[in-house]
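According to Swiss-Prot:
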- Ser66: active site, acyl-ester intermediate (ACT_SITE)
- Glu164: active site, proton acceptor (ACT_SITE)
- Lys230, Thr231, Gly232: substrate binding site (BINDING)
- Cys73-Cys119: disulfide bond (DISULFID)
- 1-21: signal peptide (SIGNAL)
Amino acid sequence: MRYFRLCIISLLATLPLRVHAGPQPLEQIKLSESQLSGSVGMIEMDLARPGTLTAWRADERFPMMSTFKVVLCGAGLARVDAGDEQLERKIHYRRQDLVDYSPVSEKHLADGMTVGELCAAAITMSDNSAANLLLPAVGGPAGLTAFLRQIGDNVTRLDRWETELNEALPGDARDTTTARSMAATLRKLLTSQRLSARSQRQLLQWMVDDRVAGRLIRSVLPAGWFIADKTGAGERGARGIVALLGPNNKAERIVVIYLRDTPASMAERNQQIAGIAGALIEHWQR
């Protein structure tokens, strides 16, 4: 008997220790909704294959906020592929064309910016005027919505310009998407023949170069992991992020997280999104 017990003890000693595993992703989302007193819409999808890995309120509408800028630049790149646009085309504008939060475009009133530079500013710095300057080429909000319909997204819609599109009124369908629709659209833009391989690489690189997302998913990303993302922020507690991430510096999954109708501060919203992402990553690694 003593020998048997020693064998069991020796066997247990060789097993890996389970260290205080965090909550499962859906448990974390429920906790976040409780702490935020608001709603979370979320989906996790494989980038290469159809199917949903994790979802919560994935078919409910949430304000898009600045996450629409990825789709906007995707539509612009589709025009480049078709020969109707050039990333090198210079756009000139006046001070009265600027809206709130234009950290890049406000510095180029004298010389203007190219389409490529405006997309970089819109995605990497979330420059609002850059987005507005790009919208006319795709037909404005209605034209961008038409582009979405053409690529099979029958849900996502843009109705207004920056900065009015961030109003996020409860129950207002304007300027909204669902986590599922946004994730599917991202997959189409980055993996299907909707864009050329060159344009796909460019769109992804702009997202890799995002400089205003450090307090969200990037704050919990393990060393050596890949991430490309775009954030959004709006009124009435609206906050969101669309991202591609994966281990070994490879994009493997799409993660979309939206918040709405919460009195939480921006710091609290960022923390909750980071917490949800952290739970997803931990579950992924198990």
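Glycine too: its Cβ is placed from the backbone N, Cα and C atoms.
Model, not experiment: these values are computed from the prediction.
Sequence features annotated in Swiss-Prot and their locations in the structure.
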residue: Ser66; record: active site, acyl-ester intermediate; Cβ neighbours (10 Å): 27
residue: Cys73; record: disulfide bond; Cβ neighbours (10 Å): 28
residue: Cys119; record: disulfide bond; Cβ neighbours (10 Å): 26
residue: Glu164; record: active site, proton acceptor; Cβ neighbours (10 Å): 11
residue: Lys230; record: substrate binding site; Cβ neighbours (10 Å): 26
residue: Thr231; record: substrate binding site; Cβ neighbours (10 Å): 25
residue: Gly232; record: substrate binding site; Cβ neighbours (10 Å): 24
Given the recorded positions Cys73, Cys119, Glu164, tell me which ones have a C-alpha lying within 10 Å of the C-alpha of Gly232 (substrate binding site). none
As a whole number of Å, the Cα atom of Lys230 (substrate binding site) is distant from the Cα atom of Ser66 (active site, acyl-ester intermediate) by 8
So among Ser66, Cys73, Cys119, Glu164, all listed as recorded positions, which is physically nearest to Thr231 (substrate binding site)? Use the C-alpha atoms. Ser66
Given the substrate site Lys230, Thr231, Gly232, its other Cβ neighbours within 8 Å of the Cβ centroid, in chain order, are Met65, Ser66, Thr67, Lys69, Val70, Ser126, Asp210, Val212, Ala213, Asp229, Ala233, Gly240, Ile241, Val242
Rounded to an integer, what is the Cα-Cα distance in Å between the residue listed as 'active site, acyl-ester intermediate' and the residue listed as 'active site, proton acceptor'? 11
Can you tell me how far the Cα of Glu164 (active site, proton acceptor) sits from the Cα of Cys73 (disulfide bond), in Å? 19
Should Cys119 (disulfide bond) be counted as helix, strand, or coil on the basis of DSSP? helix
